[in-house]
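Colleague: Provided herewith is a single structure, encoded as structure tokens, for subsequent inquiry.
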Amino acid sequence: QNEEKWDFVLVSDIHEMGSEKEIKRKKFLDELSKKGFTIKKIEDTKLFYGVRAPQHIFWKYQCLLTNPNSRQQNSNASQDVPVTTRIRVVHFILQNTVTSDLEKLHDLMKKKVFEAAFPLHKKEEKRETLKKKWARWRVLFKKQPIEEIRCYFGEKVALYFAWLGWYTYLLIFAALAGLATVAAGATVFSSSQVSKEICEANNTIMCPLCDQNCSFWVLSDTCTYAKVTHMIDNEATVVFAMFMAIWATVFLELWKRERANVVTSWDLYGWDEEEEELALQLINNSQHEPRLYQHSYFRSTIVLILALLMIMVLIGIAHALVIYRAVAMALFTQSQVNLLSKHADIIAVMTGAVLHYITIVIMTKVNWHVALFLCDLEKPRTFSQRENNFTVKIFLFQFFTNFSSLIYIAFFLGRINGHPGHYVRIAGHWRLEECHPSGCITDLFIQMAVIMVLKQTISNIMEYLIPLISHQLRKKRKHPKKRSLMLGEEEEAEDPCKRQWLNNYELNEVNVFSLFNEYLEIVIQYSFTTIFVAAFPLAPLLALINNVIEIHMDAIKMMRLRRRMVPRKAKDIGIWLQVLEAIGILAVIGNGLVIAITSDFIPVQVYKYMYSPCRRENHTSMDCSTGYINNSLSVFHIQDFEPHTKVLPEFKGEQIKECRYRDYRNADDYTYTVQFWHIFAARLAFLILFEHVALCVKLIAAWYIPDVPQKVKNKILTEKHSHLRNEL
């Protein structure tokens, strides 16, 4: 069967004759006919218009944009235009055709004159190859057919999959390193001196965790928690954090090489987006004048102020989560239910993390609208410029949405809550949370684990199920009319195009941001895998599992559940590269801070080398961190409690005079001890050292790995040379 080739299909409701919508639709289609387009109409529950562009448009395009040095060979092959180019050119002309009422397709769609416009998934052999080799679950661990993706979806989509594949491949090394770190931690699970001391401290009496009716408690109650903490928080983590900082750099450097390889084989190395856009404008309208570059400091200032306000709101939401946890902690500890009061801290952290996930889901929608609004304020010149502006804003907002609560847990939790007898309170009533005696890093671990697992499982399931279900529903809605036709089949032979157009119309619609969403999701995930990875060494492993599934899920969505995307040219992943580089630098700072501030690594080292028994006597057999726990707890006299604190002074039948809390303060006037300042200085010194070493290693790695492989450079060199020789 010889199918007619149609580039695009426009869908519209059946409006009554002479209505405003019908007139507008006719005007638009007349404009297209004037440009030489062939239009075919098919009627069903909706009106379908097939659009085919005249050949001369593509000849113009080829003449304007062929490389001068490849023009000689290609003069005879001008009949053969790749499908992706056809679709891109026709899409541009459809979007920029103006009716006599000065309306474009975009405005007509807003006014419901047209409902949809899309290119078709055709039965080409490329499509069958992609379905077989790529868009199915069986080929989970096979190499992606990037070349075929490019021929079917265009360069931009192909580059996304090339990048995602490359990132996933390099995650294997990061995941292995993370597993090794956790394994190293598991070997010291019960042998670590610090957790041993916590488990044996059954007569160290700790100050109560809340103000009303909370009893004292014994340090050894938290034995398991301490063991888990030391599984994450040990010497191996420092090495791992260093490794991940270097990994992030190497990943980007190797990607630049990979990208150069891919783009050169597509002959896009010298391609210029601006030139392409101007050429399309001129083909559409030969009288077109270009829009000039503009920059207004006033607009930029307004946008900057609004963006900062939005970030303030997001930080405010993080504060609300902190308040929730403090209040929840107080309520859970006083609760009558034994399970709640016993594990109040862990339950508060877990519910806090789930709440955080919910705020992420809601705020993502809000951020989206705010970023679009700010973009419209800036009046960007071209589509790609608009996309770049939008990318930066949405990434900033998403970053604060996802990370502000983690930043609080990592760097502020337990550092700003005062000490017994002088607690910092919310609204003078609820105490802020404290860190666990074995360190704050487990809180960060739980929060990251909950968010990453929820984000990846729920988001992925939704991302796949919503298109699947809506596709099934659309199919159901369209079919009843068909059945009545089936009976009287003899009367009219069905148009072969009709079935194909209907099938395409039943798929889910794609918009400009379909690919953008995929990028954003992976980039946020990349931030989780690098920025606080010291607290959660399993992040790369989770990301790896997620990505292997993600690649094939995206493939199935694009091939089977969504209408065909309009192919776009691109020679790199655009501004996302700068975003990834920024995350790489944040990763060095973030991990440095986690080890210096959140983890107990520095206090233990300071104790070992300055205060431990090893300093006083030369015991080679002795573990130098012996006595660390006792040294890290300060003494508090019960009579100094605030007057409204109701504490039961009895504990296991004994009268209690003093209790211990985690801080370095003097027992008489509760000022900081000298050791506190020693540790503070050591933390700063470590931070500066770690960051400088890591940044130097990043710079060396960036210099050591050339951005463009030799092979590509030589290919371009010989092409230039042969072209000049021919000219001569």
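Every residue gets a Cβ built from N, Cα and C, even glycine.
Unlike curated records, TrEMBL annotations are generated automatically.
OK, TrEMBL features for this one:
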type: DOMAIN; residues: 82-146; note: domain 'Anoctamin dimerisation'
type: DOMAIN; residues: 149-717; note: domain 'Anoctamin transmembrane'
type: TRANSMEM; residues: 157-186; note: transmembrane segment
type: TRANSMEM; residues: 236-255; note: transmembrane segment
type: TRANSMEM; residues: 301-326; note: transmembrane segment
type: TRANSMEM; residues: 346-374; note: transmembrane segment
type: TRANSMEM; residues: 394-413; note: transmembrane segment
type: TRANSMEM; residues: 523-552; note: transmembrane segment
type: TRANSMEM; residues: 573-597; note: transmembrane segment
type: TRANSMEM; residues: 680-705; note: transmembrane segment
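Please situate the listed features within the shown structure.
Modeller: DSSP labels the residues of the domain 'Anoctamin dimerisation' (82-146) in these numbers: 33 helix, 4 strand, 28 coil.
Counting same-chain residues at least six beyond the ends of the transmembrane segment (236-255), those with a Cβ under 8 angstroms from any Cβ of the stretch are 163, 166-167, 170, 173-174, 177-178, 180-181, 184-185, 529-530, 533-534, 537, 540, 577, 580-581, 583-584, 587-588, 591-592, 594-595, 599, 601, 690, 693-694, 697-698, 701-702, 705, 707.
Sequence-distant contacts of the transmembrane segment (301-326), counting only residues of its own chain at least 6 positions beyond either end whose CB sits under 8 Å from a CB of the stretch, comprise 348-349, 352, 355-356, 359, 363, 367, 370, 374, 377-378, 393, 396-397, 400-401, 404-405, 407-408, 426, 430-433.
For the transmembrane segment (346-374), the residues of the chain that approach it from at least six positions outside its boundaries are 303, 306-307, 310, 314, 317, 321, 324-325, 328-329, 332, 340, 389-390, 393-394, 397-398, 401-402, 405, 433, 443, 446-447, 450-451, 454-455, 458, judged by C-beta separation under 8 angstroms.
With a cut-off of 8 Å between Cβ atoms, the residues of this chain six or more beyond the transmembrane segment (394-413) that come close are 307, 310-311, 314-315, 317-318, 321-322, 352, 356, 359-360, 363-364, 367-368, 370-371, 433, 435, 440, 443-444, 447-448, 451, 520, 523-524, 527-528, 531-532, 535, 579, 593-594, 597-598.
Same-chain neighbours of the transmembrane segment (523-552): 134-137, 139-141, 144, 161, 164-165, 167-168, 171-172, 174-175, 177-179, 181-182, 232, 237-238, 240-241, 244-245, 247-248, 395, 398-399, 402-403, 406, 410, 441, 444-445, 448-449, 451-453, 455-456, 460, 576, 579-580, 583-584, 586-587, 590-591, 594-595, 598-599, counting only residues six or more beyond its ends whose CB sits under 8 Å from a CB of the stretch.
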Colleague: Could you pull the average pLDDT for the domain 'Anoctamin dimerisation' (82-146)?
Modeller: 87
